[in-house]
Every structure is written in structure tokens, then in C-alpha cells.
Amino acid sequence: MSTQLQTWDFLPISMNLQGRECLVVGDTEQAVRKTDLLLRAGAKVRLLGDPHAKALKESADALNAITVIPDPFHPDLLQLCAVVVAASDSAMLNQQVAQAAQARGIPVNVVEQPELSSFIFPSIIDRHPVLVSVTSSGGAPVLTRLLRNRLESLIPHGFGRLADLAMEFRDKVRSRFGHINQRRRFWESVLEGVVSDLVFCGRTDKARAMLDDMLSGEQADAIKDTGEVYLVGAGPGDPDLLTFRALRLMRQADVVLYDRLVSPQILDLVRRDAKRINVGKARSNHTLPQQEINAMLVELAKEGKRVLRLKGGDPFIFGRGGEEIDQLADAGVPFQVVPGITAASGCAAYSGIPLTHRDHSQSVRFVTGHLKSDTCDLPWHEFVQDNQTLVFYMGLVGLPIISRELIAHGMKPSTPIALVSRGTLPDQQVLVGELGNIAKKVEEQQIPGPTIIIIGDVVTLRDRLRWMD
């Protein structure tokens, strides 16, 4: 038994308005917004309203691009119009405009009154020439806006560049592949593979060269067999701090190599069927040596896999990311790097401790606190500076040595210090003390890792700026 399909209130279509006359009635903010959309579509816009109205005066760009008519509305103004928009603050005038336009068969939109409209403006995700329209048929504009915001985070901003590249190669692909199924398979491999990732990260020239090689056949087999490595910074722990690009690559990877510092909440966002490999990196207990990790990245990519190398924080700040991509470059494996919010920045922000402040600190220094054999050749004398913030990564175990050396080189024992444990996560802890007593406090309270240590006068600002507590 067949089920009758529900009819639509509006048909979503795209209209060519290049060089065509359009009339907007009203001088409100809504009229200005609709005018901007029509101008983006290449229309010639006449606006009926007061040229001195506040909304128009605040939109100088729109005023310079349109003709403002300070006359009362008359149906004769509709001559030669492709579309009409009624956006005045008079319900009676808007209804009059709608009736006159519909009597002449001219598409009309009455703002916030879909029942009087023959067309409505959708919410738009702009990746020109790719445009995605979202509409609730005028019934739930807030819901439409929420849906658009979600889609904005899922569609890379480079989609427009990818569409331009596809159009550029359309004729070449048609000449190379005679059957539509061959062309479809080719474009699917291109748009879901390395070429699209190159475009998304701004390397369009490289993508163009790769497309030429694929079509010529000279390197088609090598391109097909070689995957790519994504070196992605996962940030300090809170999944909401991931970048859009990081999230997209996490969702398309075939295999992920992750460190101990990557939170379970972030791992949950990785593609469900991706193979997961824990490469560890706890203090003195590396699940895999760095050289084996480097070799594994190369091997997996050469198997044609999309390999996600997921690191806590930022891969280029005490993350050994440079070593890993150096070997990838030697092996000729394509890769891209996605920065993450480094632990110093994320933990400081979530603790209410600005790393720099005009009254307290004009510089900040990141230092590794991962000491080997209880010794360190750090330039301690350089750390003892006025108006400077020190941030030690991986310094929990070495905290007694760090405190002792800084005091020995001239830093006051009363210098404010904060230790942030599991920063940006729901169970974040912040322990504040002085350089001379912090090690004892940590021992008494059994603070768990991972931690960030912040030293300097900026720590005193936490009492007023602690927004997470």
C-alpha cells in the first residue's frame, strides 16, 4: 500500500538574478539585510524608503550600491521587477505590496509573514559557488538558524575552492573518461581523498598538479596507493576547544595513533570504525619508542590509509610533532598539520589566570619540566626576570627541583605559583601557593597529572577572574 508524500509549502530553488531589477519596500534593518542578499546575487536593487533612516545610514556600502526612492509605494514601481521584498514597519503597506506583486505574477517576499509570500529567503551556508539553503518554510526561523550553525561547523570553508577546481577540470575529466560511471568513480575518489584535503588546507596548486597527474596516468597508481597523515592537536582536554578542521579529519581517518594526554571525551569523537592504537607517552613509560611511532606512520600511510596522529595540546609545542613530519617528508608521505590550543593557554584561561597582563607580565615563557635523572641544564638565571610569566609543562614530578633551582638563582620564595591539574576538564583542580611551599602542598593533596605549572604575579589575578568555579 503506497503512502502519500506530504506536500511542501515551498519549493527550494535557486534563482538567477544577475543584472535583474529588484524592489525592496522599507527602510528597516530587515530591508537592509534582504538588500544585502540581493546584491550578493548580482541584482540591481531599488529601495523604497527614507534615505536618512537609521538602518540605511548605518549601512553605507548598501547605500552606495542601490537606488533609494523616497516616494510612496505605487504599483507602477513593480514594472520590470524580477522579485519584490516587502520589509517595511507597516503591516498594511506590506500587504498592499504583496497583493500588487501577486496580481502581476511577480514573486514577493513579505518579511516574517510567509502566509503573504510567494517565496521566502532560506538560511544560507555560503561556500560560493556552493550554497546550502536551510528553511523551515518560514515556520521556525530560530530552529533554522540553529541547524545552519551546526552545518557551518561540518562544511569546510574550502568547499568553494574545491567546487571551482572541479569545474576547472570538468572538461578534462569528460575527455579522459567516456562513461558517466567512470567519471562518477573518479570524482568520488578525488572529492573524498588527498586532493580535497589539499584544497581545504589552502594548497590548491598542489591539488591541481595532482589532478593533472591522475588524469595523465603518470602517477595514478602511486597516488591511489598512498594515504595521508593528519598531525592534529587535540587541545588540553575539553572537546569544545577542538578546531573545525581537527574534528573533520578525526571523522574521516581510517586509523588513529593517540597519546596518553588525549582525553577519552575527544577520542569518542573519532570515527567509530577507525582502528585505534595507543602509543602511550607517560613519564619513563613510552608504549612505543618515538622511532617506532615515526615508522608506523609511514607504513600505514603507504598502505593507503588516512592516518590520524592525535596529540594533546599543540603538536609543535613539546609534542615532538616536528620529528614525526620530518620522517614523513623524507618518505614522501603527504601530511598536514592542524594546530591545537596548547595546554598553557587552555589551562590558564580555564583557571582565570591571564598569561600576560599590562600591569603584571609583558612576556611569557614555555619550559619543559620533564627532567631526566633529576637533573636539568635549563638556563635558570634567564627565568628570574621581573614582569615575566613562566609556564612549565610536564613538571609535576620535577616540581621540588624546579622550585629549588628558581629560588637558588634569585627568585623570591614568595613568588605566586599555580598548579593546574586536568585543566579544562570537569574535574580540573587548581592549587595556588608560593614558590617556597608549593611542593609540600602538592605532596599533601596528592594532585594527579597531567599538570601545568604557572609562575608569576599573574597568578594573583585568579581570585577575581576565576570564572569556572
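Each residue, glycine too, has its Cβ placed from N, Cα and C.
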Per Swiss-Prot, member of Met210, Met214, Met296, Met394 binding S-adenosyl-L-methionine alongside Pro236, Gly312, Gly313, Asp314, Ile317, Thr342, Ala343, Gly423: Met394
Euclidean distance between Cα atoms of Ile317 (S-adenosyl-L-methionine binding site) and Pro51 (NAD(+) binding site), Å: 55
Local Cβ density at Ala343 (S-adenosyl-L-methionine binding site) - other Cβ atoms counted within 10 Å: 27
Beyond the site residues Pro236, Gly312, Gly313, Asp314, Ile317, Thr342, Ala343, Met394, Gly423: chain residues whose C-beta lies within 8 Å of the centroid, for S-adenosyl-L-methionine: Gly235, Leu261, Phe318, Gly319, Gly340, Ile341, Ala344, Gly346, Cys347, Tyr393, Ile452
Other CB atoms within 10 A, centred on Asp50 (NAD(+) binding site): 14
Three-state secondary structure, which DSSP defines for Ser136 (phosphoserine): coil
Closest of Ser136, Pro236, Asp259, Ala343, Gly423 to Asp50 (NAD(+) binding site), Cα positions, recorded positions only: Ser136
Which of Pro51, Pro236, Gly313, Gly423, the listed binding-site residues, has fewest other Cβ atoms within 10 Å: Pro51
